Each structure stands twice: as structure tokens, then as C-alpha cells.
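Please read the structure below before turning to the comments.
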Amino acid sequence: MLFLMLAGTLIVSISVHEFAHAYIANKLGDPTPKAMGRVTLNPKAHLDPMGTLLLLVAGFGWGKPVMFDPTYLKNPKRDAAIISFAGPASNFLLAVTLAWLINFLPREAGLASLFQLVVYYNLVLGIFNLIPLHPLDGFKVVYGLLPAGLAMQWMQMAPYGIWILLFLVFTRATGAIINPVLDFAMRALGL
């Protein structure tokens, strides 16, 4: 039963995350995500088969990235950062909303436990995705915040990001990055 709750939680969380990217890109003027059927909460539109399989088997996976065309955006650098931030922001919003709703449920209720699981994994997903390594959202957010000259230097680090990220994941060093922020967030939410 716990496996099903965890799988459902991760599928919903990834779908919300990817939907947020698509929705914001569409709102900022890019029709690409809508044309690709990504402005939906339907998990089929957002789950990458290999990423989902690895997520369920190894606890590490990914959703299908939302493609957008910067030429449609009014301010491509800034808007790309906003689109990138939308995914983690949606996970934080879902976590905060469910943490608030838990206050109205009996603590021993199964729904309260499920909500707590969803809060936890959405915080993890949001924090993880804000790590400033390519291909994570945090890399593009930092790029969008930097002045042009520094942004170009930042982009030169992109090819190394995936290797650093894989090293951090497989050595479980990501816990040293995520856990302090996660602990603070869970305490702040009263969980």
C-alpha cells in the first residue's frame, strides 16, 4: 500500500511540476507547450517512460521536459527563468496548501498521512530542482538572474552539470544539500 501511495504521490507531483512549466510558458506567449498537449494535469502528458520506471525502481527519475521556444517570449532570458522557476514553485505551493489542509484533518486519519507524504515529496522535488546544475531548473533560474556577461560564463558550465549531478545523486551527497532546507521547511510547516 505504501508503494502505491508513494508512486501516486510522485506521479502527481511530477505532473504538477511539468504542468506549471507549460502553463507559465503559454501565459508568457509561447504556444509550443499547448501545441504539444502539455498544458494539462494529465500525467500521460508529463511522464517520461524511462524516468518513471527509474523513479519507481530506484527512487530517482524525471518527467518529460517541457519544451518552449524563447523567440515567442518578450524577454527571453528573464521569461525562461520564470518558466524554470514555475515547476519548483508549484511543488512548494502544493506542499504549503496540503500542510495547511492537514490542520483540519484528524492526525490519525489516513488522508492526513497521505497529505504529509505529498508535502514531503513536493518539498524534496522543489528543493532538488532548484540545485543550480544543468539540466535542473535552478541552473536556468540562476542564468536568468545574472547580468549578460556572467550569464554567458554560467552557460559554459552546462556540459558539466549532469556529471556533477549524477555524482551527487549516486554518492547520496544530495542529502547534504536538500536535508537542511527540507528539515527547516517541514518545521516551518508544523510537520
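Each Cβ is built from the backbone N, Cα and C atoms, and glycine gets one as well.
In TrEMBL, annotation is done automatically, which means it is predicted and not curated.
Pulled from TrEMBL, these are the features on record:
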DOMAIN    8-105  domain 'Peptidase M50'
DOMAIN    108-147  domain 'Peptidase M50'
TRANSMEM  80-102  transmembrane segment
TRANSMEM  114-131  transmembrane segment
TRANSMEM  161-182  transmembrane segment
Mean of the pLDDT scores, which run from 0 to 100, over the domain 'Peptidase M50' (8-105): 94
Tally of residues which DSSP labels helix, strand or coil - the domain 'Peptidase M50' (8-105): 67 helix, 2 strand, 29 coil
